[in-house]
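Database features (TrEMBL):
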{"type": "BINDING", "residues": "GLY26, ASN80, LYS81, ILE82, ASP83", "note": "GTP binding site"}
Amino acid sequence: APVPQVGTNLTDLRLPRKVTVRELGGCMGPIWPSYYSECSALLFVVDASNPTQVSSSCIQLLSVLSAAPLASVPVLVLFNKIDLPCYMSLVEMKSLFRMQDIVSCATQPITMLETSARDGTGLADVLQWLRTALKDPS
């Protein structure tokens with residue numbers, strides 16, 4: 001079974017220019033603000049198979065969106081683990097998160113996608129979003 005990200009990982013992507021992705025697990029939330037000034041785009045990953053974490057994920061998302069250094073940083077909310085039989089659909093997740101209200105109040109552009117890190121579903125869309133958000137030619 002997959003385990004949540006606990007520490008921090010750095011990954012370099014070529015989009016075609018080099019982009020460094022810093023992965024910070026949810027339990028690292030207290031130190032997230034120390035990285036905001038370096039952030040050009042934000043990917044916020046939610047476990048769509050775990051309804052017990054919806055409220056804490058929503059609170060973390062609202063905290064991130066209200067941070068002044070991220071006021072104009074494009075945000076991609078990824079509802080992950082859609083390969084699991086117990087996942088909540090994009091419609092369900094948008095409703096539980098009240099995404100329509102969040103998007104209408106946010107200062108930054110917000111996009112939502114369903115993904116599966118395990119089988120790669122949605123990965124091409126994530127990479128295309130990153131290229132667009134970072135204004136990289138395709």
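The backbone N, Cα and C atoms fix where each Cβ goes, glycine too.
TrEMBL annotations: computationally assigned, not manually curated.
The most densely surrounded of the binding-site residues GLY26, ILE82, ASP83, judged by C-beta neighbours within 10 angstroms, is ILE82.
Under 8 Å, Cβ to Cβ, and six or more positions away along its own chain, ASN80 (GTP binding site) finds VAL45, VAL46, ASP47, ALA48, GLU114, THR115, SER116, ALA117.
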